[in-house]
Amino acid sequence: MKTLLLTLVVLTIACLDLGYTKTCFNDDLTNPKTTELCRHSVYFCFKNSRIAGGVERMQRGCSLTCPDIKYNGKYIYCCTRDNCNA
């Protein structure tokens, strides 16, 4: 009986994947690609690029929501896989 209970607990933890956290790139164009572990409730990686004075500026990181804003030369890309915001 104890073996069955232990098996059920292990299967429950494996199915819920309690320890999973998303990783996203968090650099800009001037730094080498580095990653960050996102908070538990974060579902999106983002890449935000804009052109200012003829120079492309870019930011990457984790985001709770996925804003779909495209204005003033600004572009935001969101994705849900690990390190998908390269």
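Placed from the backbone N, Cα and C atoms, the Cβ positions cover glycine too.
Straight from Swiss-Prot, the features:
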DISULFID  Cys24-Cys45  disulfide bond
DISULFID  Cys38-Cys62  disulfide bond
DISULFID  Cys66-Cys78  disulfide bond
DISULFID  Cys79-Cys84  disulfide bond
SIGNAL    1-21  signal peptide
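Sequence features annotated in Swiss-Prot and their locations in the structure.
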residue: Cys24; record: disulfide bond; Cβ neighbours (10 Å): 24
residue: Cys38; record: disulfide bond; Cβ neighbours (10 Å): 20
residue: Cys45; record: disulfide bond; Cβ neighbours (10 Å): 28
residue: Cys62; record: disulfide bond; Cβ neighbours (10 Å): 20
residue: Cys66; record: disulfide bond; Cβ neighbours (10 Å): 14
residue: Cys78; record: disulfide bond; Cβ neighbours (10 Å): 17
residue: Cys79; record: disulfide bond; Cβ neighbours (10 Å): 15
residue: Cys84; record: disulfide bond; Cβ neighbours (10 Å): 17
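A Cα-Cα distance of 11 Å separates Cys24 (disulfide bond) from Cys78 (disulfide bond). A gap of 8 Å separates the Cα atoms of Cys84 (disulfide bond) and Cys78 (disulfide bond). Considering only the disulfide-bonded residues Cys38, Cys45, Cys62, Cys66, the residue whose Cα is spatially closest to the Cα of Cys79 (disulfide bond) is Cys45. In this structure, the CA atom of Cys38 (disulfide bond) is 14 Å away from the CA atom of Cys66 (disulfide bond). The secondary structure of Cys38 (disulfide bond), as reduced to three states from DSSP, is coil rather than helix or strand.
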